[in-house]
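Asker: Can you read through this structure? Questions will come right after.
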Amino acid sequence: MFDNYSRESYIFNAGSLGHIKGLTITSHGSPAVHYFGGLPYALPPVGQWRFRVPRRLPKDYRYGTATEPGKFTDGTKICPQPPSSNTPDPSVVSEDCLQLNIWVPAGPPPIHGWPVCFYIHGGFLQVGTSNTKPEDLVSLLNESAFRAIMVLPSYRLNVFGFLASKALAAEASSNGEATGNYGLWDQRLALEWTHENIRLFGGDRSNITVAGYSAGAYSTFQQLAHELFRVPEEKAIIRRVAMFSNSTGVMPKSLQDQQLQCDELLRRLGINLDLSYDEKLASLRAVPHDRLVQAQIGMRISEFRVLADDAFYPLDLMDKINNGEFAKRMKIRGIRLMNGECESEHIMYCRWRTPQESYSAVYQRLLADFSPEVTQKIMEHYCGSSENLPVGYKNWEEFFGRVYANIQVHYLQRGFHNALFTGGLEAGRDVFRYRFERRLDCVAEKIPSEWGVTHLTDIPVWLWGCGYTNGLDDQEKKWLKGWNEGFAVFVNGDEVNWGTKNPKDMRRWRRDGKTDVCEDNSWEDGLKFWKLVNSGHRGTEGKAND
């Protein structure tokens, strides 16, 4: 597929940002897209700024001059992270990773500018990258119906992005800052940078979609929730959201829960728990980043996640969803949602830090992600008072994968959608549900065919072959033409002909390649599970800085 593409140097006058050197990717000899990689959107979060909210660039910050344009032809630096199926090369790993990549369609923009898709990468909030080859988005932006500027930010992950403790909270309080959720604050600052500067690249700052896959979809939800309840409407940025294969999650852990994780980390690093707050933080900030990564491997509380802080994450958020206020605010602001699933999400999920073959191992593994209260509810829901493997599961590994997939995707999506519909949003007009029961042939390049239509397999549907050597074949392009056009229209802000009319309706790509609308046969199970884990919150667990 890349044989038809070539790279050319591209010097661009970015107005008040200065002059920058990017790339023009040509297709069959004609300019297709312009690419700029690794543009900083915040000051480096290093040294004393490790484990603190991101800092804006100075107003007079310039990326380069006419005589010495800044070189942005590669990608972003990548946050240090534990090994995974896509472990980054050490040469691009750095805590100084608050940068973003931009793809701009070649040619003159529309009258009001290109629509903008701000796309957040996934990876459980622990791993991942916003980098992909500059050529990877040519098919989407030049050879499909989709025309928009793509902005892919890097943000802090794992311990660097989501460590929380009483010591950090005390320091943040004394500095007048928020604590925890640094990765979410990074994303927000990148979104604000985009809103403030994208017009310089030909973008329409009033037409921004936030999208993401997996943890990127969860992050997308967090960005929407934060904006609905913590940002005045006149300062709102988000026009619509696309959440691919994830949902709202459950009420995040409290500071007390997160403190247990921090204590475990300190012990693994050999830092005395009896030290003063200041001494603990000085010791933590003195640890080299590679040692902080190594210390995470094998932790019992392995997942560094969102903190229920009431600054970024409203403590009463689940109540606001359940009582219709979330839907009401979406309706008032005209925000629409695209959200759905792959049929076998669990096949991939059961391979992420898989627990051993026992009830207690699964229980402990879920505790790494969720609060003790939520974990207990989940295990009692499936296992009752017994500690035996429930009927219908081959082993504990499969059980974990299916339960994790229901929490991350299947069941909580349905509960969320139900609350939105009950709150006044309309199927096929405000909320666009979908389901994939087939995958592209090219996906076998990275994901075994026997894993089926599992998590991640639909990314090249939405991004039109991105990241895969062969991309879509001609038959697949015909089958998925309507999906591509629907996504393009959605991001453009126009009316989408999705085909769904009722809350239970899902647009579906079937095994035979055809598209239809089916009735959701897991709707009631999802509502029951949502009520179990996401109702009854009082929103009074206490602020993070208390």
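Just so you know, glycine gets a Cβ as well, placed from its N, Cα and C.
Okay, these came from Swiss-Prot:
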- 72-91: region 'Disordered' (REGION)
- Ser214: active site, acyl-ester intermediate (ACT_SITE)
Asker: Check Ser214 (active site, acyl-ester intermediate) against DSSP and tell me helix, strand or coil, would you?
Answerer: coil
Asker: Tell me the residue counts in helix, strand and coil for the region 'Disordered' (72-91), as DSSP assigns them.
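Answerer: So the region 'Disordered' (72-91) is made up of 2 helix, 2 strand, 16 coil.
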Asker: To see if you understand the setup: which same-chain residues, six or more apart in sequence, place their Cβ under 8 Å from that of Ser214 (active site, acyl-ester intermediate)?
Answerer: Gly122, Gly123, Phe124, Phe244, Ser245, Asn246, Gln408, His455, Leu456
